């Protein structure tokens with residue numbers, strides 16, 4: 001996915017990276033059509049060509065219908081692209097919420113365990129937090145790897161024509177599953193865009209998990225199962241009400257729904273009959289462009305130029321639709337899945353930082369003004385609760401709370 005400055009028309013028009021206009025095949029066929037226009041102009045100058053074509057109504061009707069079909073495909077392609085971006089953000093949002101919920105539940109439980117000197121419970125929760133952080137990162141890695149190797153991407157990379165889904169499934173079963181994982185401490189962000197290819201994880205999985213992933217038919221569902229197993233084992237130690245804990249499972253389920261919506265786009269291509277028909281119509285229309293444009297302009301200069309521009313406008317719009325129809329891939333205009341994964345791993349590390357968790361244990365959770373004297377009853381103490389029946393003491397509490405709020 002390319003980011004660009006939209007206010008500079010001149011610089012934007014000359015940008016070649018990610019452009020469909022400056023591709024060699026687009027320019028080549030455009031020059032061929034323009035050359036055909038020059039040939040038609042020479043034929044017109046040397047003979048009586050215009051007597052064979054009395055009007056251009058048929059060509060105009062053909063062009064209007066073809067333009068509508070191309071714009072229709074481009075609109076559907078943009079809808080697929082935007083839906084993919086939306087569902088990908090939705091997926092990571094839900095998985096981030098789920099991990100943050102467990103981290104918050106575990107930290108509150110550890111605070112209570114520290115007051116009761118329950119060291120075994122603290123160690124148990126610390127180990128669960130470490131495992132879940134690594135497994136969430138692994139879940140993200142296998143998810144984006146599956147999206148980048150969808151059925152449409154495999155067909156584009158293989159350039160093997162047409163295959164049924166059953167044939168492609170058999171091909172997948174004979175493929176060696178490779179997942180390039182990079183530990184966080186070995187990842188160099190400076191050369192990541194071009195020098196490193198892989199998925200960053202806090203910890204590498206053990207050999208047993210790697211072997212299971214290599215033999216799995218659906219690695220994403222398997223990683224989600226590992227997370228659910230860890231959570232089910234840890235929830236009995238969490239000092240949070242069960243109805244509140246269920247929210248965590250709902251977020252995980254919603255995240256998997258977003259993943260499957262992305263997978264729908266990655267595996268289901270644009271319908272073959274429409275794509276085939278549109279390609280044939282575009283090829284036929286391109287052959288008639290030189291004839292009708294030259295008869296309309298009757299100029300050896302303006303005619304070939306208009307042939308080139310008319311062809312490029314329809315051809316490039318069709319190529320834009322092809323680019324957007326498969327948003328998960330390695331092209332410049334595709335969605336950067338590895339960047340989404342890296343941002344997710346960074347979020348996991350931010351939520352898991354020990355310094356942040358210790359900061360949240362302070363009385364005012366690290367907010368400005370945490371050095372206010374303890375005599376300010378921002379939170380009502382037991383003594384205040386026992387004396388709340390006294391009207392004068394209640395009014396004093398209210399006035400003192402007002403002072404603290406004004407201090408903030």
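Just so you know, glycine gets a Cβ as well, placed from its N, Cα and C.
Check TrEMBL against the ranges 56-74, 75-93 and you find transmembrane segment recorded for 56-74. The transmembrane segment annotation in TrEMBL falls on one of the ranges 21-44, 117-140, namely 21-44. Within the listed segments 230-251, 252-273, 274-295, TrEMBL records transmembrane segment for the stretch 274-295.
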